[in-house]
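Student: I have a structure here, written as structure tokens, and I will follow up with some questions on it.
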Amino acid sequence: MSRERADSQGSLGPDDEVMPYSDDETDDELDPSSDEERPQVEEAKSTGKRLGSGWRVKANDRAFCNLPEFQKKYFLCLKKSKYAGNGIKTYKYNALTFIPLNLFEQFKRAANLYFLALLILQIIPEITTLPWYTTLVPLVLVLGITAIKDLVDDLVSDSDLLLVGCISILHPLSKWMNIHVGDVVRLKKNDHIPADILLLSSSNPNSLCYVETAELDGETNLKFKMGLKVTDERLQEEGQLAQFDVCEEPNNRLDKFTGTMRWRKDRFPLDLDNMMLRGCRIRNTDECHGLVIFAGADTKIMRNGGKTRFKRTKIDELMNYMVYTIFVILVLLCAGLAIGNTFWYEEVGSKAWYLYDGKDQTASYRGFLSFWGYIIVLNTMVPISLYVSVEVIRLGQSKFINWDLQMYYQEKDTPAKARTTTLNEQLGQIEYIFSDKTGTLTQNIMAFKKCTIAGHTFGKTNLLHPVDFTWNKYADRKFEYLDHSLVACIRSKKDKDTLEFFKLLSLCHTVMVEQKEDELVYQAASPDEGALVTAARNFGFVFLSRTQDTITISEMDQEMTYEMLALLDFNSDRKRMSIILRFPDGRIRLYCKGADTVIYERLSPNSKHKEIFANETLRTLCLCYKDISKQEFDAWAKKHKAASVAMGNREAALDRVYEQIESNLMMIGATAIEDKLQDGVPETIAKLAKADIKIWVLTGDKKETAENIGYSCKLLTDDMQIHYGEDVNEKLRIRQANRRDQPPAFGRTRKKVPDPFFPEPGRNALIITGGWLNEILYEKKKKRRRLRLKRLGKRPASATPQDAAQPIDDWEKETRQVDFVNMACECEAVICCRVTPKQKANVVSLVKKYKKAVTLSIGDGANDVNMIKTADIGVGISGQEGMQAVMSSDYAFAQFRYLERLLLVHGRWSYIRMCKFLRFFFFKNFAFTLVHFWYSFFSGFSAQVAYEDWFITLYNVMYSSLPVLLVGLLDQDVNDKLSRKFPKLYLPGQQGALFNYKNFFISLFHGIFTSLVIFFIPYGAFLQTMGQNGEAPSDYQSLAVVMASSLIFTVNMQISLETSYWTFVNCFAVLCSIAIYFGIMFDIHSAGIHVIFPSTFTFTGVASNALRQPYLWLTIILTVGITLLPVICIQFLYKTIWPSVVQRNRKKYEMEEVEEEKSTPFQRGRRSRRSAYAFSHSRGYADLIASGRSIRRRPATARPNPRDSIREIPQAENI
């Protein structure tokens, strides 16, 4: 039950059929007609003041846009014209900003800043323990590689746009970017519209022009635009064109345009029917001319695009925090070692004459220098190669997505494409998916599936062979129907109801027809209506032509012409359309078709056959008729004429007159149209739901249509309790009132788990319209109130607690939003319909903000761009609806069903691989670096390194990087089939269970244990020993070689134990890393290289001398065995006592699959009927037909050739 809406208008709840744009309304869009605003407007008029210069355009006058009154400040005192150019910048960098902006973004990473500070420390001679170039070279390499990758990504993104955006309109031979506001342009058939353009004239009768809006809203049905009569007939010369202008500030409203054209002291109103928007395409019109009103960033499609956001993964953010943690640990270790150095120098160093270095420095100062020395020595705890390795892994994962043949759509030769290389592992953590409907879940193709005529249902789907329509010369070859009995019934001509049924379909519509190469081409206001007329055409009732007052059809090869007396068009309130015809025999009959909910109310008591397709997910339409006497029609026609010329509330007056004639109708039957889903949509949604991924549908379509598609794709089921906007608003209002009744301190500070909104058992779904969404979140009331008070020069006063419709403050507004998100998240399914592009983005933002969840948005049109940019992951469907969504997306493919593989296979693998890579990378560097820490206790805390310098340099580059890198690229715990078969395997990624602070500290303690063993076992072995030749191999250099060799064996064997998916490449990498280590070590320990670089290579002969001692090989084997034994034991326990999710639940998953395959009896839910009516998404062509403007042929000599008189921007060849 809806309550009264307490907004400024005092109206009832929002209209479910209206798409609200109040969140982005400009001041001039809110009519200053209220009593409190009128004095200010009257004062402005009386004093002659201008309320604002507004948006003024003059044809063919570019200098007009640069006048001082149209200048605005953009930087300090610099000004530029407020009229944007038509160039669109999709690139992030240019030649001047690339280096500073890219470096700024890269130094947001804590590790890069850390190494920059380290480089500065290494320049200081008294502190450095390693040469400065050992840090500079890797840092420059990392920054350079990342910068090149970012630049390539940016160039690829920009080139994708150029493929669409560089179709040139000449001035002369000018590209889109050179068009300016005020230019008159010429467009030809199939051209993309380069800017928001006022239609002036076209080659069609009366300047009619058809446009396809697929890139704006995903709808493939054509919409018509018309030029004003005055521009069509009189504005033909350049001088005349320069004498008018139009006014409206740029805004994001795709459904509205308000302007005025001034010409020769006359004013002519302009609306959206006169505007062709950027992103649309000219269809069925050979040539047209238009005036550029908005260009570039001011166009409506760009206003709806939203801001480009820099996206980072959760793992990236976590890595940053872990780098901070490592840095804190590093500082604490260095501080402890510096204190140790201070005490050691006081107790030992200052008293040993052989340690005197000639420097008179205090123990405290030496400790201070030691602190910075250890900062440099232990710097490998944060390896600079980490980020390069991460980027390489991400690049590889992106290539795997691009190369995946199972995501290749052969029909359109469209492969999947990863348009970014930085978000792959985030695909394995998705919790919420926000999907568009038209073109994303559906194909936007309507198919005539069933019909019921006089109680008999036709349309069996279990037949194998389609009907042969070769007997009908007008039949559409693409049309398929399986029930042969219907054709037999029609061709027998015995059933009058069946013939009347299809006659109604061929007559009651607003379809336009065109003859092309002996074929009929229908242009419908919606694909639904086109499907119905096409069905009638195939069954022998062919719509041939129409004039302003007649319709001609072919009835079973017999041509008949009917006089059209009235056309009662569809609108969102009526949900039906009617036509009144005079038959050749003089009878007058009304045909009507519409939604069952409105038709049943208007049926005659004598009408039968009311039950239609009760529980099928099809778009149904009831067909009925009424015979009218001449006297009744004449009386009604007078009322209709009076209503059609009413000066005020004309539409309401017409609706009342229509209501009088549309009564006592007789039912003939009903049609059922299927809005074809894309292949595999229900299965994909079901599989993603099992992975605990919630799917919300955000669409601009009507509530009935969206709800019906929800059932078709199995997002909604019969056992769900559905809650609508008024129910949601009431629940939130009650929760808000209860919170206000609580004491302030109690209500605002106490943190507790909120009570559920749906305590009753069962599954719930939420269906809410854009109007209710604004109502619930206070958006509309807030905007109108702020603008009204702004005009009056007042400051908004805070609402009182008694004002239940207004938030008290920002805290209450935020809690209201939290309540709404919590309620929606309690539901199994959420559908938001009649929402604007901005509202789609706002819904995504709310879930991101209050649920801290990873979100994915998927869409196919320009109205989805804002949503795609707002979500953590944006996916574009590259279909027939254009490329706007794809160009703004992170990933793109051709079919919704590929989303399952992208998430459950590529996303899951990427997440698991990245987590395993990071865990092991941190472990191997802790194990490597902390050996210096233990060695410090035996070297007087002197910041002496435990290894040879070249081993430190090459450890992360050559000796240990390749095996772990291949694990990050190739590892699999299960194959792709099992990943899709068992969606529950996706859950660890959502929970972030494989890489978090717990895993980080496990890696840290594992590294500490390994470093302890690697240092102390060789140290103990070297402590009191004798070599085979009587020499003691207990020198520092031999110890360094043994520790380094033990570390290399340990690390490479450890990664072998961690590898789940072995390939030849993995095996080769492990063996190759060990071989490279020994090869390089023997080379740099050779006498030859020492002779060439005596100061650089100082470990001459150490490797050959140490590694020929069997005692040292036994030490290495013992060290490696002790480090790996605990790991092997723990892995054994995990596989036997604590098995993984895969091992633990494999049998359970298989049993679930078997149970689901068993057939279950149908259970009727609480809903007795689902019948979203198949009809236009907007008004049809009734006004156009009734006016005759699309039918009358203009005289051949009525006007000169426009090419000879209009200065134009011709059309270039497509680039």
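For all residues, glycine too, the Cβ spot is worked out from N, Cα and C.
Curation plays no part in TrEMBL annotations; they are all automatic predictions.
Per TrEMBL, Mg(2+) binding site is recorded for Asp436, Thr438, Asp860, Asp864. Taken from TrEMBL, the feature compositional bias 'Basic and acidic residues' applies to 35-46. Per TrEMBL, the feature domain 'P-type ATPase N-terminal' maps to 72-136. Residues or ranges marked as domain 'P-type ATPase C-terminal' by TrEMBL: 886-1140. Residues or ranges marked as region 'Disordered' by TrEMBL: 1-49, 1149-1173, 1192-1215. Positions annotated as transmembrane segment by TrEMBL: 321-345, 365-390, 917-938, 950-970, 1000-1024, 1036-1055, 1067-1093, 1113-1134.
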Student: By a Cβ-Cβ criterion of under 8 Å, what residues six or more beyond either terminus of the transmembrane segment (365-390) are in contact with it?
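Tutor: For the transmembrane segment (365-390), the list is 109, 111-112, 114-115, 118, 121-122, 124, 126-130, 135, 138-139, 141-142, 145-146, 319, 323, 326-327, 329-331, 333-335, 337-339, 341-342, 345, 349, 914, 917-918, 921, 925-926, 928-930, 932-933, 936, 941-943, 945, 952, 955-957, 961, 964-965, 968.
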Student: Take the domain 'P-type ATPase C-terminal' (886-1140) and average the pLDDT across it for me.
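Tutor: Mean pLDDT for the domain 'P-type ATPase C-terminal' (886-1140): 88.
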Student: Over all shown protein chains, what is the count of other CB atoms within 10 A of the CB belonging to Asp864 (Mg(2+) binding site)?
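Tutor: Total other Cβ atoms inside 10 Å, all chains included: 36.
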Student: Within this structure, do the transmembrane segment (1036-1055) and the transmembrane segment (917-938) have 3 or more Cβ pairs under 8 angstroms, counting pairs 6 or more apart in sequence?
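Tutor: Yes, the stretches contact each other.
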Student: Of the listed stretches (1036-1055, 1067-1093, 1113-1134), which one yields the highest count of Cβ-Cβ distances below 8 Å with the transmembrane segment (950-970)?
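Tutor: So the stretch in question is 1067-1093.
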Student: Taking every protein chain shown into account, which of the binding-site residues Asp436, Thr438, Asp860 has the largest tally of Cβ atoms within 10 Å of its Cβ?
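Tutor: Comparing the binding-site residues Asp436, Thr438, Asp860, the most crowded Cβ belongs to Asp860.
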